[in-house]
Amino acid sequence: SDMRWRSQAQGCQCMSSPESKDSENAEEASEAPALSAAAWKQLETGLVVISWFVLNISIASSTKWIFVQGKICIQDTGCQTYKFPIAITVIHMLFSWVLCRIYILTVRGGVAGHCGKSQGLTWRQQLKEIMPLSLCFALSVAMGNLSLKYIYPSFNQMLGSMSPLITVLLAVLLQRKSFPLKTWLSMPVICAGLAVCSLKELNFNALGAFYCTGATVLRALKSLIQGRLLSPSHKLDSVTLLYYMAPMAAVWLSALMLLMEGAEPILLLLAGLYSEPGTRVTGGGYVLMLLVISGLNACLLNIANFLVTSYTSPVTLQVLGNVKSCLSIAVSVAIFRNSLTVEQAIGVGTCLIGVWLYNQKDQKNQKNQKVMASPAQRSA
(Lines of atoms letter the chains of each structure in order from A and count residues from 1; the text may use other names and numbers.)
(Lines give C-alpha, C1' and ligand atoms only; values in the text may rest on other atoms or scores of the structure.)
Protein backbone atom coordinates (compact mmCIF):
# COMPACT_ATOMS: atom_id res chain seq x y z
CA SER A 1 0.00 0.00 0.00
CA ASP A 2 2.92 2.32 0.78
CA MET A 3 4.43 1.66 -2.63
CA ARG A 4 1.06 2.26 -4.31
CA TRP A 5 0.58 5.58 -2.40
CA ARG A 6 4.07 6.79 -3.33
CA SER A 7 3.53 5.95 -6.99
CA GLN A 8 0.20 7.81 -6.95
CA ALA A 9 1.84 10.83 -5.28
CA GLN A 10 4.61 10.87 -7.84
CA GLY A 11 2.01 10.61 -10.59
CA CYS A 12 0.13 13.55 -9.12
CA GLN A 13 3.34 15.57 -8.94
CA CYS A 14 4.14 14.73 -12.54
CA MET A 15 0.64 15.65 -13.64
CA SER A 16 0.69 18.92 -11.70
CA SER A 17 4.19 19.97 -12.65
CA PRO A 18 3.26 21.52 -16.06
CA GLU A 19 0.62 23.70 -14.40
CA SER A 20 3.00 24.78 -11.66
CA LYS A 21 5.64 25.58 -14.24
CA ASP A 22 3.13 27.64 -16.20
CA SER A 23 2.15 29.58 -13.08
CA GLU A 24 5.79 30.18 -12.21
CA ASN A 25 6.46 31.39 -15.73
CA ALA A 26 3.43 33.68 -15.54
CA GLU A 27 4.67 35.14 -12.24
CA GLU A 28 8.14 35.67 -13.69
CA ALA A 29 6.62 37.27 -16.77
CA SER A 30 4.54 39.62 -14.61
CA GLU A 31 7.53 40.51 -12.44
CA ALA A 32 9.78 41.24 -15.44
CA PRO A 33 7.81 44.29 -16.67
CA ALA A 34 7.63 45.63 -13.10
CA LEU A 35 11.38 45.28 -12.69
CA SER A 36 12.07 46.82 -16.08
CA ALA A 37 9.68 49.71 -15.34
CA ALA A 38 11.44 50.39 -12.03
CA ALA A 39 14.86 50.23 -13.68
CA TRP A 40 13.68 52.52 -16.48
CA LYS A 41 12.31 54.97 -13.89
CA GLN A 42 15.69 55.04 -12.11
CA LEU A 43 17.46 55.55 -15.45
CA GLU A 44 15.11 58.42 -16.33
CA THR A 45 15.69 60.06 -12.95
CA GLY A 46 19.45 59.75 -13.34
CA LEU A 47 19.38 61.26 -16.84
CA VAL A 48 17.16 64.14 -15.68
CA VAL A 49 19.44 64.93 -12.73
CA ILE A 50 22.59 64.77 -14.90
CA SER A 51 20.99 67.03 -17.52
CA TRP A 52 19.96 69.47 -14.79
CA PHE A 53 23.53 69.58 -13.48
CA VAL A 54 25.06 70.15 -16.93
CA LEU A 55 22.57 72.84 -17.98
CA ASN A 56 22.79 74.68 -14.63
CA ILE A 57 26.56 74.79 -14.72
CA SER A 58 26.81 75.64 -18.41
CA ILE A 59 24.34 78.57 -18.38
CA ALA A 60 26.57 80.86 -16.30
CA SER A 61 29.76 79.73 -18.03
CA SER A 62 28.26 80.14 -21.53
CA THR A 63 27.05 83.66 -20.69
CA LYS A 64 30.45 84.60 -19.29
CA TRP A 65 32.10 83.09 -22.39
CA ILE A 66 30.12 85.47 -24.61
CA PHE A 67 31.37 88.41 -22.53
CA VAL A 68 34.98 87.21 -22.83
CA GLN A 69 35.24 85.60 -26.30
CA GLY A 70 32.25 86.99 -28.22
CA LYS A 71 34.10 89.57 -30.32
CA ILE A 72 32.93 91.15 -33.57
CA CYS A 73 35.71 92.78 -35.59
CA ILE A 74 34.94 95.29 -38.36
CA GLN A 75 37.58 96.65 -40.71
CA ASP A 76 38.65 100.24 -39.92
CA THR A 77 36.46 100.17 -36.80
CA GLY A 78 38.13 97.64 -34.54
CA CYS A 79 36.87 94.77 -32.38
CA GLN A 80 34.07 94.97 -29.85
CA THR A 81 33.04 92.33 -27.34
CA TYR A 82 29.33 91.49 -27.16
CA LYS A 83 28.88 92.55 -23.52
CA PHE A 84 25.12 93.11 -23.48
CA PRO A 85 23.69 90.99 -20.64
CA ILE A 86 20.15 92.37 -20.86
CA ALA A 87 19.94 91.68 -24.59
CA ILE A 88 21.12 88.13 -23.92
CA THR A 89 18.41 87.76 -21.28
CA VAL A 90 15.77 88.87 -23.82
CA ILE A 91 16.98 86.06 -26.08
CA HIS A 92 16.67 83.61 -23.17
CA MET A 93 13.05 84.64 -22.57
CA LEU A 94 12.11 84.40 -26.23
CA PHE A 95 13.61 80.93 -26.56
CA SER A 96 11.80 79.80 -23.39
CA TRP A 97 8.47 81.12 -24.63
CA VAL A 98 8.80 79.52 -28.07
CA LEU A 99 9.70 76.13 -26.62
CA CYS A 100 6.86 76.27 -24.07
CA ARG A 101 4.40 77.24 -26.80
CA ILE A 102 5.50 74.33 -29.00
CA TYR A 103 5.21 71.94 -26.05
CA ILE A 104 1.78 73.15 -24.94
CA LEU A 105 0.27 73.20 -28.45
CA THR A 106 1.75 69.92 -29.68
CA VAL A 107 1.92 67.72 -26.57
CA ARG A 108 -0.98 69.09 -24.52
CA GLY A 109 -3.16 70.29 -27.34
CA GLY A 110 -3.55 73.79 -25.92
CA VAL A 111 -3.68 75.75 -22.67
CA ALA A 112 -7.32 74.92 -21.97
CA GLY A 113 -7.79 72.47 -19.15
CA HIS A 114 -4.46 73.25 -17.48
CA CYS A 115 -5.45 76.51 -15.83
CA GLY A 116 -8.83 75.54 -14.43
CA LYS A 117 -10.43 77.67 -17.20
CA SER A 118 -11.86 76.61 -20.53
CA GLN A 119 -9.83 79.24 -22.40
CA GLY A 120 -6.85 79.69 -20.06
CA LEU A 121 -6.18 82.93 -18.22
CA THR A 122 -7.86 86.14 -19.30
CA TRP A 123 -5.89 89.34 -19.93
CA ARG A 124 -7.19 90.76 -16.67
CA GLN A 125 -5.93 87.71 -14.76
CA GLN A 126 -2.59 87.84 -16.53
CA LEU A 127 -2.10 91.51 -15.68
CA LYS A 128 -3.05 90.92 -12.05
CA GLU A 129 -1.29 87.62 -11.38
CA ILE A 130 1.47 87.13 -13.97
CA MET A 131 2.77 90.65 -14.59
CA PRO A 132 4.26 91.19 -11.08
CA LEU A 133 5.99 87.81 -11.32
CA SER A 134 7.29 88.58 -14.83
CA LEU A 135 8.76 91.90 -13.68
CA CYS A 136 10.44 90.29 -10.68
CA PHE A 137 11.73 87.41 -12.80
CA ALA A 138 13.01 89.71 -15.58
CA LEU A 139 14.91 91.93 -13.19
CA SER A 140 16.40 88.97 -11.30
CA VAL A 141 17.71 87.30 -14.47
CA ALA A 142 18.94 90.62 -15.88
CA MET A 143 20.83 91.50 -12.70
CA GLY A 144 22.26 87.99 -12.55
CA ASN A 145 23.60 88.29 -16.10
CA LEU A 146 24.80 91.84 -15.41
CA SER A 147 26.83 90.56 -12.47
CA LEU A 148 28.64 88.11 -14.78
CA LYS A 149 29.89 91.11 -16.74
CA TYR A 150 31.98 92.16 -13.72
CA ILE A 151 32.58 89.00 -11.64
CA TYR A 152 33.36 85.36 -12.40
CA PRO A 153 30.73 82.58 -12.14
CA SER A 154 32.56 81.14 -9.11
CA PHE A 155 32.05 84.31 -7.02
CA ASN A 156 28.53 84.59 -8.42
CA GLN A 157 27.73 81.14 -7.01
CA MET A 158 29.28 82.04 -3.65
CA LEU A 159 27.07 85.10 -3.28
CA GLY A 160 24.08 83.07 -4.46
CA SER A 161 24.42 80.95 -1.31
CA MET A 162 22.68 83.75 0.62
CA SER A 163 19.36 82.74 -0.97
CA PRO A 164 18.05 80.94 2.16
CA LEU A 165 18.85 84.00 4.29
CA ILE A 166 16.98 86.35 1.94
CA THR A 167 14.05 83.94 1.61
CA VAL A 168 13.60 83.69 5.37
CA LEU A 169 13.76 87.46 5.87
CA LEU A 170 11.24 88.14 3.08
CA ALA A 171 8.89 85.42 4.35
CA VAL A 172 8.95 86.97 7.84
CA LEU A 173 8.46 90.52 6.59
CA LEU A 174 5.92 89.92 3.82
CA GLN A 175 4.08 86.74 4.85
CA ARG A 176 4.46 86.93 8.63
CA LYS A 177 5.81 83.39 8.73
CA SER A 178 7.60 81.91 11.74
CA PHE A 179 10.60 79.59 11.56
CA PRO A 180 12.14 77.15 14.05
CA LEU A 181 15.30 77.92 16.02
CA LYS A 182 17.43 75.69 13.80
CA THR A 183 16.61 77.88 10.80
CA TRP A 184 17.72 81.04 12.62
CA LEU A 185 20.91 79.33 13.82
CA SER A 186 21.83 78.60 10.20
CA MET A 187 21.70 82.29 9.26
CA PRO A 188 24.93 83.42 11.06
CA VAL A 189 26.75 80.42 9.59
CA ILE A 190 25.74 81.41 6.05
CA CYS A 191 26.64 85.07 6.69
CA ALA A 192 30.06 84.14 8.07
CA GLY A 193 30.83 81.99 5.04
CA LEU A 194 29.72 84.75 2.67
CA ALA A 195 31.86 87.31 4.48
CA VAL A 196 34.97 85.13 4.11
CA CYS A 197 34.23 84.50 0.41
CA SER A 198 33.78 88.21 -0.31
CA LEU A 199 36.76 89.49 1.67
CA LYS A 200 39.13 86.96 0.09
CA GLU A 201 37.88 87.39 -3.50
CA LEU A 202 40.89 88.47 -5.56
CA ASN A 203 38.72 89.66 -8.48
CA PHE A 204 36.18 91.50 -6.32
CA ASN A 205 34.02 94.09 -8.06
CA ALA A 206 31.56 96.13 -6.02
CA LEU A 207 29.14 96.68 -8.90
CA GLY A 208 29.16 93.00 -9.81
CA ALA A 209 28.56 92.03 -6.16
CA PHE A 210 25.69 94.54 -6.00
CA TYR A 211 24.01 93.10 -9.11
CA CYS A 212 24.47 89.54 -7.85
CA THR A 213 23.00 90.40 -4.43
CA GLY A 214 20.06 92.18 -6.08
CA ALA A 215 19.45 89.15 -8.29
CA THR A 216 19.43 86.88 -5.23
CA VAL A 217 16.90 89.11 -3.42
CA LEU A 218 14.65 89.21 -6.49
CA ARG A 219 14.91 85.44 -6.95
CA ALA A 220 13.80 84.94 -3.35
CA LEU A 221 10.87 87.30 -3.90
CA LYS A 222 10.05 85.50 -7.14
CA SER A 223 9.98 82.15 -5.36
CA LEU A 224 7.41 83.48 -2.87
CA ILE A 225 5.16 84.85 -5.64
CA GLN A 226 5.64 81.74 -7.75
CA GLY A 227 4.82 79.47 -4.81
CA ARG A 228 1.49 81.25 -4.40
CA LEU A 229 0.66 80.98 -8.12
CA LEU A 230 1.58 77.28 -8.23
CA SER A 231 -0.65 76.47 -5.23
CA PRO A 232 -3.70 74.23 -5.87
CA SER A 233 -6.05 77.21 -5.57
CA HIS A 234 -4.65 78.78 -8.78
CA LYS A 235 -4.49 75.50 -10.77
CA LEU A 236 -1.37 76.51 -12.67
CA ASP A 237 1.59 74.26 -13.45
CA SER A 238 5.17 75.37 -14.03
CA VAL A 239 5.21 75.05 -17.84
CA THR A 240 1.97 77.02 -18.22
CA LEU A 241 3.23 79.65 -15.82
CA LEU A 242 6.44 80.07 -17.82
CA TYR A 243 4.40 80.20 -21.04
CA TYR A 244 2.45 83.20 -19.72
CA MET A 245 5.39 84.83 -17.95
CA ALA A 246 8.15 84.63 -20.61
CA PRO A 247 6.66 87.08 -23.19
CA MET A 248 5.86 89.62 -20.46
CA ALA A 249 9.38 89.28 -19.10
CA ALA A 250 10.75 89.76 -22.63
CA VAL A 251 8.79 93.02 -22.96
CA TRP A 252 10.11 94.30 -19.61
CA LEU A 253 13.64 93.31 -20.56
CA SER A 254 13.40 94.86 -24.03
CA ALA A 255 12.42 98.20 -22.48
CA LEU A 256 15.28 97.86 -19.98
CA MET A 257 17.69 96.97 -22.80
CA LEU A 258 16.75 100.07 -24.81
CA LEU A 259 17.13 102.19 -21.68
CA MET A 260 20.52 100.85 -20.54
CA GLU A 261 22.13 99.38 -23.65
CA GLY A 262 20.30 101.23 -26.43
CA ALA A 263 20.07 99.75 -29.90
CA GLU A 264 23.77 98.83 -29.91
CA PRO A 265 23.25 95.08 -29.27
CA ILE A 266 21.02 94.82 -32.36
CA LEU A 267 23.13 97.12 -34.56
CA LEU A 268 26.41 95.41 -33.65
CA LEU A 269 25.00 91.96 -34.38
CA LEU A 270 23.56 93.13 -37.71
CA ALA A 271 26.88 94.77 -38.62
CA GLY A 272 28.66 91.51 -37.87
CA LEU A 273 26.26 89.52 -40.06
CA TYR A 274 25.56 91.92 -42.92
CA SER A 275 28.60 93.97 -43.91
CA GLU A 276 29.06 96.34 -46.82
CA PRO A 277 30.92 95.04 -49.89
CA GLY A 278 34.65 95.41 -49.46
CA THR A 279 34.46 95.63 -45.65
CA ARG A 280 36.07 92.74 -43.82
CA VAL A 281 34.02 91.57 -40.84
CA THR A 282 34.73 88.60 -38.55
CA GLY A 283 33.06 87.13 -35.49
CA GLY A 284 29.42 87.86 -36.35
CA GLY A 285 28.49 84.26 -37.10
CA TYR A 286 30.41 83.04 -34.06
CA VAL A 287 28.57 85.45 -31.72
CA LEU A 288 25.23 84.45 -33.26
CA MET A 289 26.07 80.79 -32.66
CA LEU A 290 26.96 81.55 -29.03
CA LEU A 291 23.67 83.43 -28.56
CA VAL A 292 21.65 80.54 -30.01
CA ILE A 293 23.48 78.03 -27.79
CA SER A 294 22.89 80.23 -24.74
CA GLY A 295 19.19 80.62 -25.60
CA LEU A 296 18.72 76.88 -26.05
CA ASN A 297 20.59 76.31 -22.81
CA ALA A 298 18.24 78.69 -20.98
CA CYS A 299 15.00 77.14 -22.25
CA LEU A 300 16.25 73.57 -21.74
CA LEU A 301 17.27 74.55 -18.21
CA ASN A 302 13.72 75.75 -17.51
CA ILE A 303 12.37 72.38 -18.67
CA ALA A 304 15.02 70.54 -16.63
CA ASN A 305 13.98 72.53 -13.55
CA PHE A 306 10.40 71.34 -14.02
CA LEU A 307 11.45 67.72 -14.63
CA VAL A 308 13.87 67.46 -11.71
CA THR A 309 11.18 68.84 -9.40
CA SER A 310 8.73 66.14 -10.53
CA TYR A 311 11.28 63.30 -10.41
CA THR A 312 12.78 64.19 -7.00
CA SER A 313 11.66 65.64 -3.67
CA PRO A 314 12.07 69.33 -2.69
CA VAL A 315 14.75 68.43 -0.12
CA THR A 316 16.67 66.39 -2.71
CA LEU A 317 16.47 69.34 -5.08
CA GLN A 318 18.00 71.65 -2.47
CA VAL A 319 20.82 69.17 -1.81
CA LEU A 320 21.45 68.95 -5.57
CA GLY A 321 21.55 72.75 -5.65
CA ASN A 322 24.32 72.78 -3.05
CA VAL A 323 26.34 70.22 -5.02
CA LYS A 324 25.71 72.25 -8.19
CA SER A 325 27.19 75.35 -6.54
CA CYS A 326 30.41 73.51 -5.75
CA LEU A 327 30.65 72.08 -9.27
CA SER A 328 29.94 75.51 -10.81
CA ILE A 329 32.77 77.05 -8.82
CA ALA A 330 35.15 74.27 -9.91
CA VAL A 331 34.13 74.59 -13.58
CA SER A 332 34.56 78.38 -13.49
CA VAL A 333 38.05 78.08 -12.06
CA ALA A 334 38.94 75.40 -14.64
CA ILE A 335 37.63 77.37 -17.67
CA PHE A 336 38.46 80.99 -16.83
CA ARG A 337 41.52 80.32 -14.62
CA ASN A 338 40.33 82.80 -11.99
CA SER A 339 41.93 82.48 -8.56
CA LEU A 340 40.30 80.63 -5.68
CA THR A 341 41.95 81.00 -2.27
CA VAL A 342 41.98 78.46 0.53
CA GLU A 343 40.01 80.88 2.71
CA GLN A 344 37.29 81.05 0.05
CA ALA A 345 37.10 77.26 -0.11
CA ILE A 346 36.59 77.27 3.68
CA GLY A 347 33.96 80.01 3.28
CA VAL A 348 32.09 77.96 0.66
CA GLY A 349 32.13 74.95 2.99
CA THR A 350 30.79 77.12 5.83
CA CYS A 351 27.98 78.41 3.58
CA LEU A 352 27.03 74.87 2.60
CA ILE A 353 26.89 73.82 6.25
CA GLY A 354 24.56 76.74 6.95
CA VAL A 355 22.39 75.83 3.95
CA TRP A 356 22.28 72.22 5.16
CA LEU A 357 21.04 73.40 8.56
CA TYR A 358 18.43 75.51 6.81
CA ASN A 359 17.25 72.53 4.76
CA GLN A 360 16.60 70.48 7.89
CA LYS A 361 13.35 72.37 8.43
CA ASP A 362 12.01 70.94 5.15
CA GLN A 363 12.89 67.41 6.20
CA LYS A 364 11.12 67.97 9.52
CA ASN A 365 8.06 69.40 7.76
CA GLN A 366 7.90 66.42 5.43
CA LYS A 367 8.06 63.99 8.35
CA ASN A 368 5.29 65.87 10.16
CA GLN A 369 3.15 65.77 7.02
CA LYS A 370 3.65 62.01 6.74
CA VAL A 371 2.74 61.52 10.39
CA MET A 372 -0.40 63.63 9.99
CA ALA A 373 -1.36 61.82 6.78
CA SER A 374 -0.81 58.29 8.15
CA PRO A 375 -4.02 58.08 10.27
CA ALA A 376 -6.08 59.11 7.25
CA GLN A 377 -4.33 56.50 5.14
CA ARG A 378 -4.95 53.83 7.77
CA SER A 379 -8.63 54.74 8.03
CA ALA A 380 -8.94 54.64 4.24
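One is the number of the first residue shown, and numbering goes on along the chain from there.
Glycine too: its Cβ is placed from the backbone N, Cα and C atoms.
The region 'Disordered' feature in TrEMBL is assigned to 1-28.
Among the features that TrEMBL reports, compositional bias 'Polar residues' is placed at 7-18.
Per TrEMBL, domain 'Sugar phosphate transporter' is recorded for 44-359. Summed and averaged per residue, pLDDT over the domain 'Sugar phosphate transporter' (44-359) gives 81.
TrEMBL lists 46-66 (among others) with the feature transmembrane segment.
What TrEMBL records for 86-109 (among others) is transmembrane segment.
The transmembrane segment annotation in TrEMBL covers 130-152 (among others).
The feature transmembrane segment is assigned by TrEMBL to 158-174 (among others). Long-range neighbours of the transmembrane segment (158-174) within the same chain, counting only residues 6 or more positions beyond its ends whose Cβ lies under 8 Å from a Cβ of the stretch, are 147, 183-184, 186-187, 190-191, 193-194, 197-198, 201, 209, 212-213, 216-217, 219-221, 223-224, 325, 329, 344, 347-348, 351-352, 354-355, 358.
Feature annotation from TrEMBL assigns transmembrane segment to 241-260 (among others).
The transmembrane segment feature in TrEMBL is assigned to 286-308 (among others). Note on the transmembrane segment (286-308): residues 48-49, 51-52, 55-56, 58-59, 62-63, 65-66, 69-72, 82, 88, 91-92, 94-96, 98-100, 103, 238-239, 242, 269, 272-273, 317, 320 of its chain, located 6 or more positions outside it, place their CB under 8 angstroms from a CB of the stretch.
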Inset, instruction - Six or more residues out from either end of the transmembrane segment (241-260), which same-chain residues have a Cβ under 8 Å from its Cβ atoms? - result: 84, 86-87, 89-90, 93-94, 96-97, 100-101, 104, 111, 121, 126, 130-131, 133-135, 137-139, 141-142, 226, 229-230, 302
Inset, instruction - Residue list, the transmembrane segment (130-152) vs rest of chain: Cβ under 8 Å, 6 or more residues beyond ends. - result: 60, 63-64, 67, 83, 85-86, 88-89, 92-93, 121, 159, 201, 203-205, 207-209, 211-212, 214-215, 218-219, 221-222, 225-226, 229, 241, 244-246, 248-250, 252-253, 256, 332, 336, 338
